[in-house]
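Per TrEMBL, these features apply:
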| type | residues | note |
| --- | --- | --- |
| TRANSMEM | 12-36 | transmembrane segment |
| TRANSMEM | 56-78 | transmembrane segment |
| TRANSMEM | 85-107 | transmembrane segment |
| TRANSMEM | 234-261 | transmembrane segment |
Amino acid sequence: MGGCCYSCLKFLVIIFNLIYMLLGLALLGTTLWIYLDDTMLAPVGAADMEGYNHVIYFLMVVAAIMTVMGFIGCCGALQESQCMLATFFALVLVLFIGKIAAGTWIYQNQDQFAKVLEKSVARSIQHDYGKIDVRTKAFDLLQSKLQCCGASGPSDWAESRYNQADDKSALEIGIGKVIGVYKVPESCCKSTVTQDDCETKRQVSLAATFLDRDIIYSTGCASKIMELVQQHDYIVLAVVLAILLIEAMAMIFSMVLCCAVRRIDHFKA
(Lines of atoms letter the chains of each structure in order from A and count residues from 1; the text may use other names and numbers.)
(Lines give C-alpha, C1' and ligand atoms only; values in the text may rest on other atoms or scores of the structure.)
Protein backbone atom coordinates (compact mmCIF):
# COMPACT_ATOMS: atom_id res chain seq x y z
CA MET A 1 0.00 0.00 0.00
CA GLY A 2 2.82 2.38 0.97
CA GLY A 3 4.67 1.63 -2.26
CA CYS A 4 1.56 2.42 -4.30
CA CYS A 5 1.08 5.78 -2.55
CA TYR A 6 4.74 6.62 -3.06
CA SER A 7 4.51 5.82 -6.79
CA CYS A 8 1.35 7.94 -7.13
CA LEU A 9 3.03 10.84 -5.33
CA LYS A 10 6.07 10.58 -7.58
CA PHE A 11 3.80 10.49 -10.66
CA LEU A 12 1.89 13.60 -9.50
CA VAL A 13 5.11 15.54 -8.94
CA ILE A 14 6.30 14.66 -12.45
CA ILE A 15 2.94 15.64 -14.00
CA PHE A 16 2.76 19.01 -12.21
CA ASN A 17 6.35 19.79 -13.13
CA LEU A 18 5.74 18.89 -16.78
CA ILE A 19 2.74 21.23 -16.83
CA TYR A 20 4.83 23.94 -15.17
CA MET A 21 7.62 23.47 -17.71
CA LEU A 22 5.12 23.67 -20.60
CA LEU A 23 3.68 26.89 -19.15
CA GLY A 24 7.18 28.33 -19.06
CA LEU A 25 7.78 27.34 -22.68
CA ALA A 26 4.40 28.83 -23.70
CA LEU A 27 5.22 32.13 -21.98
CA LEU A 28 8.69 32.16 -23.54
CA GLY A 29 7.23 31.53 -26.99
CA THR A 30 4.63 34.28 -26.55
CA THR A 31 7.17 36.87 -25.41
CA LEU A 32 9.52 35.97 -28.27
CA TRP A 33 6.64 36.35 -30.73
CA ILE A 34 5.78 39.81 -29.33
CA TYR A 35 9.45 40.82 -29.45
CA LEU A 36 10.08 39.61 -33.01
CA ASP A 37 6.76 40.74 -34.54
CA ASP A 38 7.11 44.47 -35.29
CA THR A 39 3.35 44.97 -35.54
CA MET A 40 2.62 43.82 -31.98
CA LEU A 41 4.01 46.97 -30.34
CA ALA A 42 3.61 49.24 -33.36
CA PRO A 43 1.23 51.68 -31.60
CA VAL A 44 3.91 52.24 -28.96
CA GLY A 45 6.06 55.27 -29.62
CA ALA A 46 9.65 54.62 -30.67
CA ALA A 47 10.81 56.72 -27.71
CA ASP A 48 9.02 54.35 -25.33
CA MET A 49 10.16 51.09 -26.90
CA GLU A 50 13.11 50.68 -24.55
CA GLY A 51 10.82 50.59 -21.51
CA TYR A 52 8.46 48.09 -23.13
CA ASN A 53 11.40 45.95 -24.24
CA HIS A 54 12.63 45.81 -20.64
CA VAL A 55 9.24 44.37 -19.62
CA ILE A 56 9.47 41.79 -22.42
CA TYR A 57 13.04 40.86 -21.41
CA PHE A 58 11.88 40.42 -17.81
CA LEU A 59 9.03 38.12 -18.90
CA MET A 60 11.48 36.13 -21.04
CA VAL A 61 13.72 35.61 -18.01
CA VAL A 62 10.74 34.54 -15.86
CA ALA A 63 9.62 32.12 -18.59
CA ALA A 64 13.12 30.65 -18.91
CA ILE A 65 13.36 30.23 -15.13
CA MET A 66 9.95 28.50 -15.04
CA THR A 67 11.08 26.11 -17.79
CA VAL A 68 14.34 25.26 -16.01
CA MET A 69 12.55 24.87 -12.68
CA GLY A 70 10.02 22.46 -14.20
CA PHE A 71 12.90 20.44 -15.64
CA ILE A 72 14.68 20.37 -12.26
CA GLY A 73 11.47 19.22 -10.57
CA CYS A 74 10.96 16.41 -13.09
CA CYS A 75 14.56 15.24 -12.76
CA GLY A 76 14.35 15.44 -8.97
CA ALA A 77 11.24 13.26 -8.93
CA LEU A 78 12.62 10.73 -11.42
CA GLN A 79 15.98 10.43 -9.66
CA GLU A 80 14.43 10.79 -6.19
CA SER A 81 16.95 13.52 -5.41
CA GLN A 82 16.33 15.42 -2.17
CA CYS A 83 18.67 18.21 -3.27
CA MET A 84 16.88 18.83 -6.59
CA LEU A 85 13.42 18.62 -5.02
CA ALA A 86 14.40 21.06 -2.26
CA THR A 87 15.96 23.41 -4.83
CA PHE A 88 12.79 23.27 -6.91
CA PHE A 89 10.64 24.01 -3.84
CA ALA A 90 12.77 27.02 -2.84
CA LEU A 91 12.82 28.53 -6.35
CA VAL A 92 9.08 28.07 -6.89
CA LEU A 93 8.37 29.61 -3.47
CA VAL A 94 10.40 32.73 -4.38
CA LEU A 95 8.67 33.02 -7.76
CA PHE A 96 5.26 32.39 -6.16
CA ILE A 97 5.72 35.24 -3.67
CA GLY A 98 7.13 37.48 -6.41
CA LYS A 99 4.11 36.95 -8.66
CA ILE A 100 1.67 37.74 -5.87
CA ALA A 101 3.60 40.92 -5.01
CA ALA A 102 3.77 41.97 -8.69
CA GLY A 103 0.07 41.28 -9.23
CA THR A 104 -0.86 43.34 -6.16
CA TRP A 105 1.31 46.25 -7.33
CA ILE A 106 -0.15 46.17 -10.86
CA TYR A 107 -3.71 46.10 -9.50
CA GLN A 108 -3.03 49.11 -7.28
CA ASN A 109 -1.44 51.11 -10.13
CA GLN A 110 -3.94 50.55 -12.96
CA ASP A 111 -4.58 54.30 -13.35
CA GLN A 112 -0.87 54.93 -13.84
CA PHE A 113 -0.74 52.33 -16.61
CA ALA A 114 -3.65 54.06 -18.39
CA LYS A 115 -1.81 57.41 -18.29
CA VAL A 116 1.45 55.87 -19.52
CA LEU A 117 -0.40 54.10 -22.35
CA GLU A 118 -2.11 57.32 -23.48
CA LYS A 119 1.18 59.25 -23.50
CA SER A 120 2.94 56.45 -25.38
CA VAL A 121 0.22 56.22 -28.07
CA ALA A 122 0.22 60.03 -28.38
CA ARG A 123 4.00 60.07 -28.95
CA SER A 124 3.62 57.36 -31.61
CA ILE A 125 1.03 59.53 -33.39
CA GLN A 126 3.16 62.64 -33.15
CA HIS A 127 6.48 61.20 -34.27
CA ASP A 128 6.08 57.80 -35.98
CA TYR A 129 2.85 57.78 -38.01
CA GLY A 130 3.54 58.41 -41.68
CA LYS A 131 7.28 58.02 -41.09
CA ILE A 132 7.62 54.35 -40.12
CA ASP A 133 5.61 52.15 -42.50
CA VAL A 134 4.99 49.20 -40.15
CA ARG A 135 3.75 51.51 -37.38
CA THR A 136 1.55 53.42 -39.82
CA LYS A 137 -0.17 50.25 -41.07
CA ALA A 138 -0.55 48.83 -37.56
CA PHE A 139 -2.05 52.06 -36.24
CA ASP A 140 -4.51 52.23 -39.14
CA LEU A 141 -5.58 48.67 -38.33
CA LEU A 142 -5.89 49.56 -34.64
CA GLN A 143 -8.11 52.58 -35.34
CA SER A 144 -10.32 50.64 -37.76
CA LYS A 145 -10.78 47.60 -35.51
CA LEU A 146 -11.27 49.48 -32.23
CA GLN A 147 -13.27 52.27 -33.90
CA CYS A 148 -11.15 55.02 -32.40
CA CYS A 149 -9.10 58.01 -33.50
CA GLY A 150 -5.95 59.40 -31.93
CA ALA A 151 -4.70 58.67 -28.42
CA SER A 152 -7.30 60.65 -26.45
CA GLY A 153 -9.26 61.85 -29.49
CA PRO A 154 -8.98 63.15 -33.09
CA SER A 155 -7.36 66.41 -31.95
CA ASP A 156 -4.12 64.48 -31.26
CA TRP A 157 -3.51 64.44 -35.01
CA ALA A 158 -3.19 68.24 -35.03
CA GLU A 159 0.31 67.91 -33.52
CA SER A 160 1.36 64.93 -35.63
CA ARG A 161 4.16 64.97 -38.19
CA TYR A 162 1.61 63.26 -40.42
CA ASN A 163 0.07 66.69 -41.07
CA GLN A 164 3.46 68.00 -42.13
CA ALA A 165 4.31 64.96 -44.28
CA ASP A 166 1.75 65.59 -47.01
CA ASP A 167 2.79 67.19 -50.26
CA LYS A 168 1.87 70.76 -49.29
CA SER A 169 3.53 74.00 -50.07
CA ALA A 170 4.78 76.20 -47.25
CA LEU A 171 1.91 78.60 -48.00
CA GLU A 172 -0.69 75.83 -47.60
CA ILE A 173 0.81 74.72 -44.29
CA GLY A 174 0.79 78.30 -43.04
CA ILE A 175 -2.85 78.77 -44.03
CA GLY A 176 -3.77 75.50 -42.28
CA LYS A 177 -2.25 76.73 -39.05
CA VAL A 178 -3.99 80.09 -39.25
CA ILE A 179 -7.50 78.68 -39.80
CA GLY A 180 -6.87 75.82 -37.38
CA VAL A 181 -7.43 72.88 -39.72
CA TYR A 182 -5.71 69.51 -39.65
CA LYS A 183 -6.21 66.15 -41.32
CA VAL A 184 -6.89 62.78 -39.66
CA PRO A 185 -6.06 59.45 -41.38
CA GLU A 186 -8.70 57.62 -43.39
CA SER A 187 -8.75 54.93 -40.70
CA CYS A 188 -10.45 57.49 -38.41
CA CYS A 189 -13.50 57.43 -40.70
CA LYS A 190 -16.36 55.12 -39.77
CA SER A 191 -16.66 52.02 -41.94
CA THR A 192 -20.22 52.92 -42.97
CA VAL A 193 -19.36 56.23 -44.66
CA THR A 194 -18.49 56.71 -48.32
CA GLN A 195 -14.99 57.48 -49.56
CA ASP A 196 -16.04 60.98 -50.65
CA ASP A 197 -17.58 61.83 -47.27
CA CYS A 198 -14.49 60.52 -45.52
CA GLU A 199 -12.14 62.55 -47.71
CA THR A 200 -14.17 65.71 -47.08
CA LYS A 201 -14.76 65.34 -43.35
CA ARG A 202 -11.30 64.18 -42.33
CA GLN A 203 -10.24 67.78 -42.77
CA VAL A 204 -11.03 68.72 -39.18
CA SER A 205 -11.23 72.07 -37.42
CA LEU A 206 -9.35 72.49 -34.16
CA ALA A 207 -12.66 73.59 -32.63
CA ALA A 208 -14.28 70.43 -31.24
CA THR A 209 -17.74 71.65 -32.28
CA PHE A 210 -16.80 71.23 -35.95
CA LEU A 211 -16.00 67.51 -35.61
CA ASP A 212 -18.53 65.44 -37.55
CA ARG A 213 -19.07 62.54 -35.17
CA ASP A 214 -21.24 60.76 -37.74
CA ILE A 215 -18.19 60.44 -40.00
CA ILE A 216 -15.15 60.47 -37.69
CA TYR A 217 -14.58 58.29 -34.62
CA SER A 218 -14.47 60.58 -31.59
CA THR A 219 -13.13 58.19 -28.94
CA GLY A 220 -9.38 57.91 -28.32
CA CYS A 221 -7.56 54.62 -28.86
CA ALA A 222 -5.90 54.59 -25.42
CA SER A 223 -9.25 54.33 -23.64
CA LYS A 224 -10.42 51.71 -26.16
CA ILE A 225 -7.32 49.60 -25.48
CA MET A 226 -7.91 49.85 -21.71
CA GLU A 227 -11.56 48.86 -22.22
CA LEU A 228 -10.44 45.84 -24.24
CA VAL A 229 -8.00 44.82 -21.51
CA GLN A 230 -10.65 45.27 -18.80
CA GLN A 231 -13.15 43.20 -20.80
CA HIS A 232 -10.69 40.31 -20.72
CA ASP A 233 -9.58 40.79 -17.11
CA TYR A 234 -11.28 37.56 -16.09
CA ILE A 235 -9.22 35.56 -18.60
CA VAL A 236 -5.95 37.05 -17.34
CA LEU A 237 -7.06 36.49 -13.73
CA ALA A 238 -8.04 32.89 -14.46
CA VAL A 239 -4.67 32.17 -16.12
CA VAL A 240 -2.72 33.76 -13.25
CA LEU A 241 -4.74 31.87 -10.62
CA ALA A 242 -4.26 28.61 -12.55
CA ILE A 243 -0.48 29.15 -12.65
CA LEU A 244 -0.40 29.99 -8.93
CA LEU A 245 -2.48 26.89 -8.15
CA ILE A 246 -0.14 24.69 -10.19
CA GLU A 247 2.85 26.23 -8.41
CA ALA A 248 1.26 25.67 -5.00
CA MET A 249 0.41 22.03 -5.77
CA ALA A 250 3.87 21.43 -7.25
CA MET A 251 5.50 22.83 -4.10
CA ILE A 252 3.33 20.74 -1.78
CA PHE A 253 3.82 17.47 -3.65
CA SER A 254 7.55 18.04 -4.20
CA MET A 255 8.10 18.72 -0.49
CA VAL A 256 6.05 15.66 0.52
CA LEU A 257 8.04 13.55 -1.96
CA CYS A 258 11.30 15.01 -0.64
CA CYS A 259 10.32 14.03 2.91
CA ALA A 260 9.31 10.55 1.71
CA VAL A 261 12.65 10.08 -0.07
CA ARG A 262 14.50 11.21 3.07
CA ARG A 263 12.56 8.73 5.20
CA ILE A 264 13.26 5.88 2.75
CA ASP A 265 16.97 6.76 2.68
CA HIS A 266 16.96 6.84 6.49
CA PHE A 267 15.46 3.33 6.68
CA LYS A 268 17.92 2.05 4.08
CA ALA A 269 20.79 3.41 6.13
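Backbone N, Cα and C atoms are what each Cβ position is placed from, and that goes for glycine too.
The shown structure was predicted, so the numbers you read here are calculated from the model rather than taken from an experiment.
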*Where, among 12-36, 85-107, 234-261, do we find the most CB pairs under 8 A to the transmembrane segment (56-78)?*
12-36
_Within-chain partners of the transmembrane segment (85-107) [C-beta distance under 8 Å, separation at least 6 from its ends]_ = 13, 17, 20, 62, 65-66, 69, 72-73, 76-77, 113, 240, 243-244, 247-248, 250-251, 254-255, 257-258, 261
_Sequence-remote partners of the transmembrane segment (12-36) [C-beta within less than 8 Å, at least six residues beyond its ends]_ = 53, 56, 59-60, 62-71, 73-74, 76-78, 85, 88, 92, 243, 246-247, 249-250, 253-254, 257
